[in-house]
């Protein structure tokens with residue numbers, strides 16, 4: 001569980017903002033491992049935006065990389081458009097995640113980032129961040145850790161799509177989502193899916209009908225309870241086993 005922190009609101013242009021020192025998800029984000037002086041320097045370059053409404057985009061494919069975005073609340077999906085003009089979802093980003101890493105190599109975003117619900121983000125100008133990280137080893141190391149985590153996630157996704165059947169894919173998706181909620185201090189057993197079943201199917205390479213059928217099967221087996229977008233994990237051992245993990249949902 002992420003310990004509760006006293007939230008200090010300071011007036012900025014545009015209203016109230018939570019600073020890095022007071023953010024409850026800082027352990028998952030860039031500020032982790034930074035000392036107070038380093039936090040102050042990072043805090044000074046961050047722009048805190050107004051809420052992003054459902055359906056709005058942070059950036060589009062082809063846009064020049066100007067900033068990275070740290071999600072404070074809400075859910076952002078990343079997707080590309082195939083040669084056939086179809087949407088292909090490549091990731092779902094939760095509070096504490098950083099969006100935009102995949103643009104560092106070319107200097108342009110290869111994908112779109114769109115809010116699935118009302119979300120709050122911190123905008124971090126990349127050139128300034130890159131310059132600052134050159135002067136702060138702790139910041140540079142944390143950036144590398146975050147990028148390494150994203151690469152590991154991509155590798156896991158390749159394995160998921162190439163080696164697992166439909167049941168195992170969906171079980172792994174729900175299991176991994178529950179672990180991510182746990183890391184953020186939320187319940188790993190009861191949560192709301194912010195993405196549609198169509199989005200989940202798109203991400204996993206399955207049809208909407210297959211997702212609905214499998215959720216019904218998981219519920220009938222007693223592994224899950226499903227009510228609309230709300231999921232309750234009833235048998236964490238069974239879910240972990242089907243997902244290819246041995247540890248219980250914490």
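Backbone N, Cα and C atoms are what each Cβ position is placed from, and that goes for glycine too.
In Swiss-Prot, the region 'Activating region 1B' annotation falls on 116-121 of the listed ranges 98-103, 104-109, 116-121, 134-139.
In Swiss-Prot, the annotation region 'Activating region 1A' applies to 71-75, one of the ranges 66-70, 71-75, 76-80, 91-95. For the region 'Activating region 1A' (71-75), the list of distant contacts is 18, 23, 25, 52, 92-99, 115-122, 194-195: same-chain residues at least six beyond its ends, Cβ to Cβ under 8 Å. Looking just at the region 'Activating region 2A' (47-50), the mean pLDDT is 76. There are 25 other CB atoms within 10 A of the CB of residue 122 ([4Fe-4S] cluster binding site), with all protein chains counted.
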